[in-house]
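Q: The structure under discussion is supplied below as structure tokens; questions concerning it will follow.
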Amino acid sequence: MSTSRSTAELRTPKFTETVGLIAGREVTTRLRSKAFLISTGILMLAVLASVVLGGIFGGKSDPAKVAVVGTAATAVEGNPALEAVPVDDRAAGEALLRDGEVDAIIVPEASDPTGLQVIGLDRAPGGVVQALSAQPGVELLDPATVDPLLAYFIAFGFGIVFFMSAITFGSTIAQSVVEEKQTRIIEILLSTVSARELLTGKVIGNSVLAFGQIIAIAVLALVGLLATGQRVLLGVLGSSVIWFVVFFAIGFVMLAALFAASAALVSRAEDVGSVTSPVTMLVMIPYFAVVFFFDNPTILTVMSYIPFSAPVGMPVRIFLGQAEWWEPVLSLLVLVATTLGALAIGDRVYRNSLLRTGTRVKLAEALRG
Amino acid sequence: MLELQHLGKRFGERVALDDVSFRVAPGRLTGFVGGNGAGKTTTMRIVLGVLGADTGTVTLDGHPLGTADRRSFGYMPEERGLYPKMRVLEQTVYLARLHGWSPAAARRNAEELLDRLGLAERHDDPVESLSLGNQQRAQIAAALVHRPEVLVLDEPFSGLDPIAVETVQSVLSDAADSGARVLFSSHQLDIVERICDDLVIIAGGRIRAAGSGDELRAEHGSERWELLTDGDAGWVRELPGIVVTDFDGGWARFEADSDAARRAVLAEALRRGEVAGFTREHTTLAQIFKEVVQ
């Protein structure tokens, strides 16, 4: 009798213990894989590079150095965009200009209404002229909060991170399901644990990995923004990154269940690609849609509520300031409900297909059982 | 006692199992013999719960099998299966832990068993790097590492060299001695005959014979007797009620139509000279198998 065998060394494991063991194996197997470590490293580098490059190109430039002659110095004094280099006369200023030490020379000029003249080398030093100009105050009735180019990069960033992580870990879980079928260890496993324990362990193990990678990317991006002094961007981006992580965590569980269930329909590693292609499509479409339609509020709004594109669509809308406070909450509820549905269907298909080897199991049969 | 009662299973139109019933007693090795497609694997998969039966039940000590019972089962499937890239020891420990063993005990069991099966040097090698024979040993370790109370092994001896066969046989005997119910299938009838206490013969999805070796021989064994004398045995064919089937010098094999006629042969032989042997013909398992499956 199994019950009488209970000792300190041997007892009937709980559901959570079994799931923990299975999830643990998934995680350690992946962490030992060189391919996984290398691809994660590349993704991390790409994120870091884009943050740092953004800092270089998007950040404010240093004040322009100008040579000032005589009383012109007073005009430059206190101007944050200009750094004055006092010189004795125009000739000394020209020498500095030709050496590239300064961007322009400012000399007093009585005949000019401003009392100044700006001398450039080969073209008009627009920045310096602008810094000297008096400008009226500006008020925008409907300000565009975000530079369109920046918006494009942010949309592209969310899209590619979601796409890469979902595809990487989705195909990992699919491969791991088929490996067990192909090597027939599934018979040993199923004589020990239930199909539900196995599926739950796999989904949790791979979700933990995917989630860990997303957290690492988010932290890297935020720390990178801080380190490169892009505090302004951080303030706008911060909340959308946090929402992205939340949406991804739930959205990936949904995708993992669908990847696992579709992979369970086949018995050979070669067939994984074709059988999971519908799910792969569900991951790719939001990626392309957000890249092409990031500036179309209507399409973006629709995307932010469809469970498969919400993890990309909603954070982009939050970043662009298009979403009301309740919108991410509502979209998240839709996503959670869809995920529960996907888990129920996935569990059924997985359980009914696991021991059927040979030809591909028809989806309708797997659902019927 | 593991008891299979009236198991039936159809795959579409094909009847795979038809009223299959037999018992596997604790402390005994039970051999499960049958041709290709006879229903061995289907029966074993039903016992393990990886396949459902259409009719009939499997009980352990009188109660129907549940998931908790099956955790104390050890299974070696017909199609071998282990994680190819996982290390031998790590994998064996993992399977023991899935059955509920503590980490330390799982490791101790796994190391002991792998060492005994001759895989001491291969603990940290991935399974896929082992030879087929060694993969087979690893597979046996996977079935036994959690000290199962019921062991179901599909062809555990196929692909093993004679030394390995003896090792595996002694491991299985030890499991039986500690009270496990051991059921295994094999095509190698000589091995089954040598090591099994009980036998079950299946053909066409039906059990054709089941019982201990002696019982099967009593029921299905030869009715012929053999006499070995120091002189010429030609006289045997002259006796009433005797039909000699084979004859060679002082040796004769015959069928007797009554016990009295048989005893008369022995009496006559003793009167004529020395008798070196007078026995019922030994029936091999192969002969019984051929007889019952036809």
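In case you wondered, yes, glycine gets a Cβ from its N, Cα and C as well.
Keep in mind that TrEMBL annotations are predicted by a computer and have not been checked by a curator.
The annotation domain 'ABC-2 type transporter transmembrane' is assigned in TrEMBL to A:35-345. What TrEMBL lists as transmembrane segment is A:35-57, A:149-174, A:208-229, A:241-266, A:328-346.
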Q: To the transmembrane segment (A:241-266), which of A:35-57, A:149-174, A:208-229, A:328-346 is linked by the most Cβ pairs under 8 Å?
A: A:328-346
Q: Please figure out which one of A:35-57, A:149-174, A:328-346 racks up the most CB pairs under 8 Å against the transmembrane segment (A:208-229).
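A: The stretch I would name here is A:35-57.
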Q: Is the transmembrane segment (A:35-57) packed against any residues at least 6 beyond its ends, judged by a Cβ distance under 8 Å, and which are they?
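A: Sequence-remote neighbours of the transmembrane segment (A:35-57) are 153, 157, 161, 164-165, 168, 172, 213, 216-217, 220-221, 224-225, 228-230, 233.
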